[in-house]
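Participant: Can you keep this structure in mind? I'll have questions shortly.
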Amino acid sequence: MPKCPKCDKEVYFAERVTSLGKDWHRPCLKCEKCGKTLTSGGHAEHEGKPYCNHPCYSAMFGPKGFGRGGAESHTFK
């Protein structure tokens, strides 16, 4: 029986969500920063931990500076 990477308890088939190559309990698959409940495949990963794509992952690990990587973040010289 697989164990949830968050709570380390057994994950039964009826409550299983597979993401990041592991089986999670649905309530355990949350963003590490804001705590938002995530869906399988609807999030980003950093060092094996799930993060919501926006704003948490992009703010923490995306390009830094004004606009965080959007069209307005390029500086012309």
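Including glycine, each Cβ sits where the backbone N, Cα and C put it.
Straight from Swiss-Prot, here's the annotation block:
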DOMAIN    2-63  domain 'LIM zinc-binding'
MOD_RES   K9  N6-acetyllysine
MOD_RES   K22  N6-acetyllysine
MOD_RES   R68  omega-N-methylarginine
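How buried are these features, and what lies next to them?
Facilitator: Helix, strand and coil counts under DSSP for the domain 'LIM zinc-binding' (2-63) come to 15 helix, 18 strand, 29 coil.
Non-local contacts of K9 (N6-acetyllysine) by the CB criterion (under 8 A, 6+ apart in sequence, same chain) comprise K3, H25.
For K22 (N6-acetyllysine), other Cβ atoms within 10 Å of its Cβ number 16.
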